[in-house]
Amino acid sequence: MSEDFKCLSCDKANYKLIEKAKNEKIETVWDRAEAMQPQCGFGEMGLCCTNCSMGPCRIVKVSEDGPKKGICGADEDTIAARNLARSIAAGSSAHSDHGRDIAHALYNAAKNPESGYKVKNPEKLISLAKEWGISTENLDIKDIAAKVAETALQEFGKPFGHLRFVDRAPEDRIDIWKKMNVVPRAIDRDIVEVLHSTHIGCDADYRNIMVAATRAALSDGWGGSMIGTELSDILFGVPEPHEIEANLGVFKEDEVNLVIHGHEPTLSEAILVAVNDPELVELAKKQGAEGINLVGMCCTGNEIAMRHGIPMAGNFFQQELAIITGAVDAMVVDVQCIMPALSQVAKCYHTKLITTSPKAKIPGAIHMQFNEEEAIESAKKIVREAVSNFKNRRGNILIPQEKSKGFVGYSNEAIINALDGVANSVAHPMGTVKPLADAIKSGVLRGAAAIVGCNNHKVLHDKGHEELAKELIKNDVLVVTTGCGAYACIKEGLMSKEATKFCGKGLATVCELVKIPPVLHMGSCVDISRILLLLSELAKFMNVDIKDLPAAGAAPEWMSEKALSIGTYVVASGVYTMLGVAPQVTGSENLTRFLTDDIKDIYGGCFDIEANPQKAAEKIIDHIEKKRKSLNI
Ligand code: SF4
Ligand code: MSK
């Protein structure tokens with residue numbers, strides 16, 4: 001019975017679909033996780049090395065016998081640190097390559113009318129040009145866009161200096177980074193340096209390996225991700241609050257259901273234009289559909305929800321279940337967090353799985369390359385493929401009833417305007433962080449916490465996010481969220497105005513006064529750069545460093561290398577960060593102690609690990625109260 005699946009997910013929409021999968025003998029992520037048990041202890045502890053072909057080498061910890069060093073002599077600290085550093089570099093590269101693609105799209109908007117991209121927010125473009133010292137005199141918007149895009153692209157490989165966005169951090173923070181030699185210089189360079197220094201026979205000092213890894217992570221947060229976010233806002237608009245629907249109940253039986261899944265808004269924005277093309281809508285009608293229902297999944301879903309109010313169908317662990325509804329005519333994917341298993345699941349239905357990026361092809365999927373130089377035309381071809389598949393539905397359709405409503409789209413501009421009571425558009429943010437600082441100083445808000453990240457079978461699906469968020473808002477801690485955590489929160493109703501019923505008195509009062517939900521949707525994973533900037537602005541306003549703020553981060557169900565990069569740049573920016581799943585480093589006591597303790601004395605932030613959301617909340621609240629005491633507030 002459906003109820004038996006309570007031990008897999010706490011989202012009821014999933015139960016019927018997991019049962020349907022079982023009945024139809026379709027394997028899901030939960031089946032594969034079970035089949036994988038017990039998972040490799042060496043890998044779990046970060047003690048397996050495959051960095052050269054003399055290996056694989058593994059360090060035996062559980063008994064006196066067995067090797068304590070790899071064949072080259074690398075010990076547990078070196079091996080665990082090298083593995084972690086390489087994961088951080090991979091995570092940083094994923095976010096940063098996303099940022100690079102957005103910069104190319106901005107360049108296309110300026111130089112290539114066939115692309116169909118246009119600058120939607122010239123105010124933000126001009127403001128960034130000024131910040132970067134680019135003269136805008138006698139230049140039209142397209143020329144400015146080209147110059148800003150070129151300057152952004154140079155951030156990836158410039159030979160000298162440091163990343164431009166570093167100057168947005170508080171001075172004390174930059175001083176710490178200078179002292180530690182982790183100021184990010186050029187994004188590609190910082191990532192390459194990690195790969196070089198972790199090659200066999202190079203860096204063997206775990207603390208020094210973490211210096212390079214930290215610099216690469218900061219290149220993500222204050223570089224690649226920030227470029228991704230800022231240039232997306234310029235191209236596609238600064239997000240504003242929208243009320244939307246979320247969960248698998250957003251599919252429509254009588255319409256073409258097109259799921260857009262992955263990360264980069266360059267694709268999803270073009271698909272959105274294409275699904276509204278009258279010729280394609282007419283084609284859908286000719287196929288017997290009432291229209292085209294575009295819905296989002298994972299971070300691409302966050303991007304188009306927060307800019308256009310498109311429904312959010314589900315997070316990372318719901319991607320297979322979406323197809324199992326039998327109602328998905330096409331799932332169009334680009335990069336990151338797309339399970340290779342999708343092609344097998346899609347084969348059991350009529351669903352077309354369409355890959356679009358040369359960086360991410362999946363055997364068994366249809367590959368239709370998305371060409372950014374003629375983005376809209378390219379998107380139309382993809383949508384035509386989806387629409388023409390409606391007639392092939394097989395009848396074994398089960399769309400869950402469950403869906404919830406909530407407000408998404410809280411960019412920094414939107415949060416500042418809402419809290420400052422400024423009613424004008426986010427294109428002209430007039431407010432300041434003063435009201436936020438005042439609410440924190442007065443104690444009405446005890447502090448703020450970010451809940452971000454993925455789903456992971458090691459945590460009951462969505463429970464880590466939901467329970468932590470509920471416990472924090474109950475204690476007057478304002479919560480901001482991105483990524484798959486945002487899906488968990490909206491599905492649980494925490495982004496509705498009614499969610500004040502879960503809040504302590506102070507937070508409820510603030511939310512009712514300025515008409516915001518207690519859990520604010522700030523976007524996709526790259527948009528954690530928004531959180532960095534909000535913290536930075538708040539710290540500057542309060543004349544302190546980020547580490548002094550009553551604030552914390554949490555990734556209760558994280559799983560990706562990107563999350564490791566995020567965690568590292570957030571900690572190096574001074575934030576106490578709670579993980580619900582331990583990183584694969586515990587085989588090295590030295591590295592584990594470094595990440596959870598020693599690092600505090602260097603950056604002011606550190607990692608903590610707690611799987612139980614109630615206990616995690618207690619620790620976060622304790623941290624916030626300690627910071628309040630230090631600030632005498
Ligand atoms: Fe083994 Fe050293 Fe090669 Fe790693 S780098 S596989 S520890 S010999
Ligand atoms: S999509 S990185 S599962 S949050 Fe950004 Fe979700 Fe994590 Fe991917």
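Cβ coordinates are placed from backbone N, Cα and C, and glycine is handled just like the others.
Please treat TrEMBL annotations as automatic predictions, because they have not gone through curation.
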Additional site residue, CYS40, CYS72 [criterion: listed by TrEMBL with CYS49, CYS52, CYS57 for [4Fe-4S] cluster 2]: CYS72
Candidates CYS337, CYS503, CYS511, the one TrEMBL lists with HIS263, CYS299, CYS454, CYS484, CYS525 as binding [Ni-4Fe-4S] cluster: CYS337
List of residues, in chain order, with Cβ under 8 A from that of CYS337 ([Ni-4Fe-4S] cluster binding site) and at least 6 apart: HIS261, GLY262, HIS263, CYS298, CYS299, PHE316, CYS454, SER560
Contacting binding-site residues for ligand 1, chosen from CYS40, CYS52, HIS263, CYS299, CYS454 when the Cβ sits under 6 angstroms of any of its atoms: CYS52
Distance [Cα-Cα, Å, rounded] between CYS49 ([4Fe-4S] cluster 2 binding site) and CYS484 ([Ni-4Fe-4S] cluster binding site): 30
Closest of CYS52, CYS57, CYS72, CYS484, CYS525 to CYS40 ([4Fe-4S] cluster 1 binding site), Cα positions, binding-site residues only: CYS57
Check: same-chain CB within 8 A of [Ni-4Fe-4S] cluster site center, minus HIS263, CYS299, CYS337, CYS454, CYS484, CYS525: CYS298, ASN302, PHE316, GLN336, GLY483, SER524, SER560, LYS562
By Cα-Cα distance, the member of binding-site residues CYS48, CYS52, CYS57, CYS72 nearest CYS525 ([Ni-4Fe-4S] cluster binding site): CYS48
